[in-house]
Amino acid sequence: MADLQGKAVLTIAVPEAKADQIEAEILRLRAATTEAGSVQLEQFDRLEQVFLAPSSYDVIFSGHIALPAKSHADSALAKLAAALKPGGRLALRESLNSRNETALRSALTMGGFVNVQVSTSEHALEAHADKPVYEVGAAAPLKLSFAKKKQSGAAAPAAQVAEVWTIATDDFDDDDLLENDGDELLDAEDLALATTAPEGDDCEVGAGGKRRACKNCTCGRADAEAEQAAKPTLTGPLPASSCGNCYLGDAFRCASCPYLGMPAFKPGEKVTLSDRQLKADA
């Protein structure tokens with residue numbers, strides 16, 4: 001890798017990485033970036049849930065602590081690309097049984113990376129890729145000239161184009177249009193629907209005075225009630241520690257850890273967090 005002095009670095013560890021391995025890698029990166037740079041840690045299995053500020057890192061390492069990472073999902077690669085600064089670099093390692101070089105190269109290219117280099121080592125599939133020097137959706141000025149060009153010769157006469165969409169005004173009689181009755185434009189089926197359609201308040205009144213759809217509802221209330229009943233209820237377990245190293249101190253905590261900034265504590269010790277600490281920084 002290039003010189004990391006003064007760079008903002010993010011390293012992503014796999015769940016199998018031990019505390020001493022994480023600490024050694026963090027110390028190595030901090031020595032390389034010096035005080036002018038910064039080093040942050042995240043966990044691979046929480047990559048989809050954590051917030052990574054856009055265009056914040058010069059270099060991102062993934063799968064370089066202990067074992068290589070599993071296959072990076074397309075959404076994860078897109079998230080890492082957005083977190084890199086323009087011209088930033090991604091260096092990742094995947095297990096050999098995750099996919100082949102061609103598939104990884106294609107995934108990185110589709111994720112928005114350029115200068116993709118993929119190789120196979122003895123223990124892992126390694127890749128280096130760069131983010132373009134521009135942001136997606138960035139605006140750039142275009143040099144446009146609207147000056148009239150000088151004509152070399154006499155202007156040719158305009159071609160006579162046939163007017164195919166003209167209507168002669170004498171084809172219609174305004175009096176005939178005004179005398180037409182609107183009901184004459186409806187057939188028997190249209191009139192039957194107009195007379196049998198229920199009013200907006202023609203629904204039955206159920207318990208509690210709330211209107212409900214009729215058995216043969218045609219006003220749309222039955223569809224609205226069915227759609228409301230089909231809405232899913234979001235349930236799921238509360239987020240838990242992924243790395244299990246939160247109690248060791250900031251050197252072992254992820255950048256999005258709610259315990260960040262607090263002193264180390266004993267395993268199993270009760271620690272109370274405020275509502276502000278439980279909310280992720282936007």
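The backbone N, Cα and C atoms fix where each Cβ goes, glycine too.
Quantities reported herein were computed from a predicted structural model and do not represent experimental measurements.
Looking at the stretches 10-13, 26-29, 254-257, the one that Swiss-Prot records under the feature motif 'Cx2C motif 2' is 254-257. Cβ neighbours within 10 Å of Cys254 ([4Fe-4S] cluster binding site), excluding its own Cβ and spanning all shown chains: 22. Comparing the Cα of Cys214 ([2Fe-2S] cluster binding site) with the Cα of every entry in Cys246, Cys254, Cys257, these being the binding-site residues, the smallest distance points to Cys257. When the alpha carbons of Cys246 ([4Fe-4S] cluster binding site) and Cys219 ([2Fe-2S] cluster binding site) are compared, the span between them is 57 angstrom. Here the C-alpha separation of Cys254 ([4Fe-4S] cluster binding site) and Cys217 ([2Fe-2S] cluster binding site) works out to 56 Å.
Other C-beta atoms found within 10 angstroms of the C-beta of Cys219 ([2Fe-2S] cluster binding site) number 16, with every protein chain shown included.
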